[in-house]
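Notes for the one structure printed next.
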Amino acid sequence: MRSPSPPRLEASVPHPPARPVPASQGLAPDLFPPLAAALPTGVCVVTSLGPSGAPAGMTSGAVCFLSREPPLTLVCMGRASRTLAAVLGHGAFCVNVLAADAAALSRRFAGQTPHRADKFAGVGWRPARDGTPVLTEGTVAHVSCELLRTVDGGDHTVVIGLAVEGAHRPDAVPLLYHRRRYAGFPP
């Protein structure tokens, strides 16, 4: 006797067909960045492993938890990013959500410090089950993901991963970025 199949998840709203890119070029390039800066974001360090097994990482505010069932995480990464190349090659990544006192860590992984050659020098981390670096200091949470797919996002690539491992510190205060400045946000 066969066991019953799991229930199918049906979308409550039908998906519209994809539309072609509009003929308009959108806002002038100098007008969009101030609009984007007006949106407060959490600050994360996205990590993976490069082809030689060396850790790779970058700061990102373009992260969200896309779906609960299945647990999906979305990260937007610049097309020229070495960390994106590492994610695509390794097939996995880790989102490390930074704590309010970790602005220096954010700047380091954004390439704004002398540590550009080795962003991980002196930074505590441990490997997740898939090998991706989990930062052990300056974080409120982490989620390790298996790469599911990528989507073209203009000058960025949208990376979608299945969350397979994670942890959080419930009392920790996260780091925010707003109008090009760091701030903490009380829980």
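In case you wondered, yes, glycine gets a Cβ from its N, Cα and C as well.
Going by TrEMBL, these are the annotated features:
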type   : residues : note
REGION : 1-26     : region 'Disordered'
DOMAIN : 36-184   : domain 'Flavin reductase like'
Per DSSP, what is the residue count of the domain 'Flavin reductase like' (36-184) in each of helix, strand and coil?
21 helix, 77 strand, 51 coil
Averaged over the domain 'Flavin reductase like' (36-184), what pLDDT does the prediction give?
93
